[in-house]
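Asker: Taken from TrEMBL, the feature compositional bias 'Polar residues' covers 1-12. The feature domain 'CBS' is assigned by TrEMBL to 701-759. As annotated by TrEMBL, region 'Disordered' applies to 1-45. Annotated transmembrane segment per TrEMBL: 115-139, 160-188, 218-236, 279-302, 314-333, 354-373, 385-405, 457-479, 485-506, 542-562, in sequence order.
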Amino acid sequence: MSNITKKVSWSSRGDELGPVGEGTPLLNGSEQPRHSRQFSEGGSLFQIDRLSTVDLEEEISAEEESARGQPKEIPHNSKLLSLKYESLDYDNSENQLFLEEERRMSFTGFRCLEISRWLICGLIGVLTGLIACFIDIVVEKVARYKYEAIKQNIERFTEVGGLSISLILWAVLNFSFVMVGSILVAFFEPVAAGSGIPQIKCYLNGVKIPRVVRLKTLVIKVCGVICSVIGGLAVGKEGPMIHSGAVVAAGVSQGRSTTLKKDLMIFEYFRRDTEKRDFVSAGAAAGVSAAFGAPVGGVLFSLEEGASFWNQMLTWRIFFASMISTFTLNFFLSISHNNTGDLSNPGLINFGRFESGVLGALFNFLNYWLTIFRIRYVHRPCLQVMEAMLVAAVTASVSFTMIYFSNDCQPLDSEHAEEYPLQLFCADGEYNSMATTFFNTPEKSVRSLFHNQPGTYNPLTLGLFTITYFFLACWTYGLAVSAGVFIPSLLIGAAWGRLCGIWLIWADPGKYALIGAAAQLGGIVRMTLSLTVILVEATGNVTYGLPIMLVLLTAKIVGDYFQEGLYDIHIKLQSVPFLHWEAPATSHWLTTREVMSSPVTCLNRIEKVGTIVDVLSNTSTNHNGFPVVVQPSKLCGLILRSQLIVLLKHKVFVELAGSRLTRRKLQLKDFRDAYPRFPPIQSIHVSQDERECLMDLTEFMNPTPYTVTQETSLPRVFKLFRALGLRHLVVIDDANRVVGLVTRKDLARYHLGKHGLEELHLAQT
C-alpha cells in the first residue's frame, strides 16, 4: 500500500444506510461515524462520502476474536475497494544509477536490446504454442478413451437393461477428473482458478496480483484445464491459454526462475515492471493466437482487453509472437496427426471453413449473484472441491437424462461423421441427435452446430439444450477449477442461433449458428473489435465480418444497459483498484485536494538509518513510496520501499571515518537481482550502531517525480496517472512543499453509481 493513512475507512451514502449518526458495521465488526459532502449543479445532486476514523488494521487477539463470535459467512460488499492490492511500477525511476547506465550504453548496445526483445517474443510464441499443443493432445487422447468407454457401456446395457450403471460410470469419471483439477487449484494455487483473463487485465492495468505469473501457477493452470475439459464441465481452454501465455512471457523475459531458484544471467536489463508488462502483453496475445488460430485477433485482444499502454514497435513484436505461436502449434499438431508439414489447423479451437446482448446480460447477472454466494459461503478449499465435484456429477446426470429422454433420431451416413454417435433407443442406422451436443467435448459440439446439414437437429432438441447448457455454464464459471468461458458461450449461442435459422425456413442454420455464437459471447464478455477478427480468422471467411461486427456491437450496447461485462464484474467482486480508460463523467467537481492522501510520510535527502528502518517497519502504514525532501519540506525526489530495502540489505550507509565520509558503492544490477521478490524489512538486521549512521538518498531517488497542484481536477489527474502508468503522484503547493500523495486507490474509489458519483469503501479485505 502506498501512502495511505492508517485510519482509512470510507462511509457510504447516507440515504442508503440510514440516518446520520447510526454506525455502519465494517468487515472487522467495528462501527464508524458517517460524514458526507454534497455537490449540486442545476438541480442534480452528487454525494461524495468522507474519510472516517476507523482503524481497519488494528491487531485483534485470539481471545477477542473468539469472544466476538465469527459469522459462518464472509461479509461481502460490492462497494468495497481492497487495500491488499499494490500497484506495479510502470514508470521508470530515472535516478542517477539509471541515467549513468543509459548514457554509457552505445548505439550498438541499444540495437542489441531491441534484438533481444524480438528474440524473447519469439521464445514466448514457441513455448506458448508447445503448451497449447500439449493441452490439445492430452485432452483429445484422454477424452477419446473416456467417451469410448462410456459409449461401449451404454451400448451393452441398452440391450440387457441397467443403463443406470452407465450413468454412474459417466458421473464417476467426470467428478474424478474434476476432483483432481479442483484439488490442485483450491489447495495448491487458488489464483489458477477460472480463465485468468481478469487477473491478466488487472496486471496489465498496473495492479500487482499476488502469484499471478508464477511458474507454479502455470503448471496448475495447465493440469487444471486438462482435468476440467476431460471432466465434462461446461468450460473451454481458451482463457487458461491466455493466462498461460502471460506466465510464459513473464518468466522468459526475466531470464530466470525465482521458483526454481535458477538464474541464467541473461535478459537482466528487462528485470523491471515496465519491460515485463510489454512481454506479458505479447504472451496474452500469443495465448489467443494459439487458442483460436487468430494472430491478428490476438494482437487486438491484447490491445482492447489487456494492454493499458501501447506503441508501434510493441504492436509488431506482439504480432510476431502471435504468428510464431500459431506456427508452432500447427507444426507439432501436424506431427501428432501423422501429417507432418500440414499447417492448415488454425488453432485449438477452430470452427471449420465457411463457404444478443439480453441473454448475455442475464448470464452475467446470474453469475454475479452466484459469485457473491461463493465468496460468502464457499470460501474454504474443501467446500470448493466439493462444489466442483457436485457440478461435475450434476452435469453428467443432466446430460445423460437429456440424451435418455430424447427421441430425436437422425440417419447416420457418410455426411454425418459424428465422433461418438450414440444409438441408444434409435433404430439401426440412426443416432441420437441430442448426444451430438452433450456427449462430446464443447469444441466439437460447436463445430457440429456450425456445419451439420439442415435437418440434423429438431427445434425441441436445440431449445432444451440451450436452456440446460445455459444454466450449467453459468453455474460452472467461477468454480475452483481452471476454465474459460469462450467456448461455453459460443456453444449456447450456436444452439439458439441454429434454432432461429430453422425457424427461418429459407436460411442456412449453420450461418445463423455462427451469428448466434458471436452474439452470445459478445453479450457476456463485451468485446467488439478483437472478437470480430478472432471469429473471422477462426472461420476462415471474411464474408461474415460485417454481420458479426454488427451483432457484437448490438450485443455490447444492449448488454451494457443491463449489466457490466463478465470480466469487469469479477474484477469488481475481487475489490481490485482497477482504473478504466476515463475518469467518471461527473468527477470535475473534485480536485486533488479532496482526493489526495495526507499527511505524507517524507524522508530527508540524508536520513538516519534508524528512521528509515522505523518507517519501513511500521505495519500500520506499510507505505511503498516516500517523497524525499530538503528543509523546509521542499520536494527533491521520490524513493520506493523496494529501493530502500536493497540499500539496507547492502548496508549502503554513510559513516564518519576520521575526517572523511565513506560508503559502499551500489550498482543497478543489485536492484535487478532483488526484483521482483524483494525481502521484507523484518528479514534485514540493522545493529544499534548502524541505526546511528546516515543514508544519502541522492543517487538512488527519482529526482524528477511527476507532480500536480492541489487545484488540479480529478479527470486531469486521472488522465495523467492512467496514461503514464504511475504508482505515485506527488501533490505540492506553490512553494514546492509536499502536501499530499495520490495513488491508484485514491482514484479507483470514485465511480458512477445509480445515484451519481459514488465513493467505494476502503478496507483490508
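Each position is counted from 1, following the chain as shown.
Positions of Cβ are set from backbone N, Cα and C atoms, glycine also.
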Asker: What residues in the same chain, six or more past the boundaries of the transmembrane segment (354-373), come closer than 8 Å to it by Cβ-Cβ distance?
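Answerer: That would be 76, 78, 450, 470-471, 473-475, 477-478, 489, 492-493, 496, 510-511, 514, 516, 519-524, 526, 539-541, 543-544, 551, 554-559, 561-566, 569-570, 573.
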Asker: Quick one: do the transmembrane segment (385-405) and the transmembrane segment (218-236) have at least 3 Cβ pairs under 8 Å, skipping pairs fewer than 6 apart in sequence?
Answerer: yes
Asker: Per DSSP, what is the residue count of the domain 'CBS' (701-759) in each of helix, strand and coil?
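Answerer: Residue counts in helix, strand and coil order: 16 helix, 25 strand, 18 coil.
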Asker: Do the transmembrane segment (457-479) and the transmembrane segment (314-333) share at least 3 Cβ pairs under 8 Å, sequence separation 6 or more?
Answerer: no
Asker: Counting only residues 6 or more past its boundaries, what in the same chain has a CB within less than 8 Å of a CB in the transmembrane segment (218-236)?
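Answerer: Answer is 131, 134-135, 138-139, 142-143, 146, 170, 173-178, 180-182, 184-185, 188-189, 192-193, 196, 243-244, 247-248, 251, 349, 391-392, 395-396, 399, 441-443, 469, 472-473, 476-477, 479, 481-488, 490-491.
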Asker: Please average pLDDT over the domain 'CBS' (701-759) for the predicted structure.
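Answerer: For the domain 'CBS' (701-759), the model's average pLDDT rounds to 90.
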Asker: In terms of Cβ proximity under 8 Å, which residues at least six beyond the ends of the transmembrane segment (160-188) contact it?
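Answerer: Here the qualifying positions are 146, 149-150, 153-154, 216, 220, 223-228, 230-233, 381-382, 384-385, 388-393, 395-397, 399-400, 404, 479-482.
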Asker: The transmembrane segment (314-333): which same-chain residues, six or more beyond its ends, come within Cβ distance under 8 Å?
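Answerer: Same-chain residues near the transmembrane segment (314-333) but 6 or more away: 117-118, 121-122, 124-126, 128-130, 132-133, 136-137, 245, 249, 278, 281-283, 285-290, 293-296, 298-299, 302-303, 307, 342-348.
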Asker: I need to check the long-range neighbours of the transmembrane segment (485-506): which residues 6 or more away from its ends have a CB within less than 8 Å of a CB in the stretch?
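Answerer: The answer is 195, 234-239, 291, 349, 356, 359-360, 363, 437, 442-443, 445-446, 449-450, 454, 457, 459, 462-463, 465-466, 469-470, 473, 476-477, 512-521, 524-525, 566.
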